[in-house]
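Going by TrEMBL, these are the annotated features:
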- 6-26: transmembrane segment (TRANSMEM)
- 33-52: transmembrane segment (TRANSMEM)
- 64-86: transmembrane segment (TRANSMEM)
- 91-110: transmembrane segment (TRANSMEM)
- 122-147: transmembrane segment (TRANSMEM)
- 168-189: transmembrane segment (TRANSMEM)
- 201-223: transmembrane segment (TRANSMEM)
- 235-254: transmembrane segment (TRANSMEM)
- 287-309: transmembrane segment (TRANSMEM)
Amino acid sequence: MSFIGVVVPIFGLMLIGWLLKATGIFPEWLVKLVNDYVYYIGITVITFLSLHDTDKRLLLDPSIYLLNLLPIILIVVLALAAAHLLKLDRLAIPVLITCAFFGNTGYIGFPLNASVQGTDSLGLTAFISTFYTIIVFTFGVYLFRYYSRPEPGEQEHRDAGNDLKTMITGLLKLPIVWATILGLALSPVVLPDLLRIPMEWISASTSPLALLATGAMISGSGFRENLKALGVISILKLAVMPAIVIVMGAVMGMSGTVYRTSLLEAATPVGVTNAVIAEQYRADKTLASGAVVISTVLFLGSLIVVLLFV
């Protein structure tokens, strides 16, 4: 598909969502309703259905894990170094690190991969998106708990067992994790049309609504503070991370679906989930929200470059 065929639908829907929210046609309660539908129903269904229909031999390819885990590790190291060079406040450090590697792999990743590669790529997209989600809700949450300041009266040093319990409990509450498990476990079972047809309808509605919701969620958000940190996050997320995947793909001689999907997921702008986690752990939510906005705006330029390597 041409650049225009990919870029215009994605950014057009995001722009419509932004305009609807900015003009008041898309009120906050409706944004939340659409967002809840996309997150709890749409992405859950599309993940289950895509993984159910995916050839499981593809998921055993070690290059999937190498192309997605190694870039995350390198970005975390670079982000940690940048945080110390910038002398960021303790509450901003975990935000910079997670924002630098955890992108909008669901809301933007799904429609992006579907536009570039077709819907057959959504199984692998769902798997990689879940991979990122598990990392941010384990390692990412650990970072937030480590750097967050305790409440008055709370012990300074938290028990490691409680940290592990919190992470596991958090993972088990994520619909996408259960969708992944059930999609893989029930793959030998043929879904009756009574279930498959409505699930396909829900799947088809998810991408456009996700893009509208993304546009609406960034409407009215500001990013006037900590511009240096926002610049570092945007460079790491939109330029360095996809560049790592591109170099790895060239070295490994890869150009197929695994490489393309890994690259497109790595190239997505900062995910809204980062701001949610930052608020939950009393970290720098302003920095996280700003990173979502500015990286999403800059994504138009970075995507055009990334598409040259797909």
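Note that Cβ sites are derived from N, Cα and C of the backbone, with glycine treated the same way.
Nobody curates TrEMBL annotations by hand; they come from automatic prediction.
The transmembrane segment (122-147) shares more Cβ pairs under 8 Å with 168-189 than with any other stretch in the list 6-26, 64-86, 168-189. A contact links the transmembrane segment (33-52) to the transmembrane segment (91-110), because at least 3 Cβ pairs that are 6 or more residues apart lie under 8 A. Against the transmembrane segment (235-254), the recorded stretches 6-26, 64-86, 287-309 differ in Cβ pairs under 8 Å, and the greatest number is found for 64-86. The highest tally of CB pairs under 8 A with the transmembrane segment (91-110), across 6-26, 168-189, 287-309, is held by 287-309. Here the transmembrane segment (64-86) has long-range neighbours at 58, 92-93, 96-97, 100-101, 124, 127-128, 131-132, 135, 228-229, 232-233, 236-237, 240-241, 244-245, 248-249, 252, 254, 258-259, 262, 265-266, meaning same-chain residues at least 6 beyond its ends whose C-beta is under 8 angstroms from one of its own. Packing against the transmembrane segment (168-189) from elsewhere in the chain are residues 39-40, 43-45, 47-54, 56, 59, 106, 126-127, 129-130, 133-134, 137-138, 141: each is 6 or more residues past its ends and has a CB under 8 Å from a CB in it.
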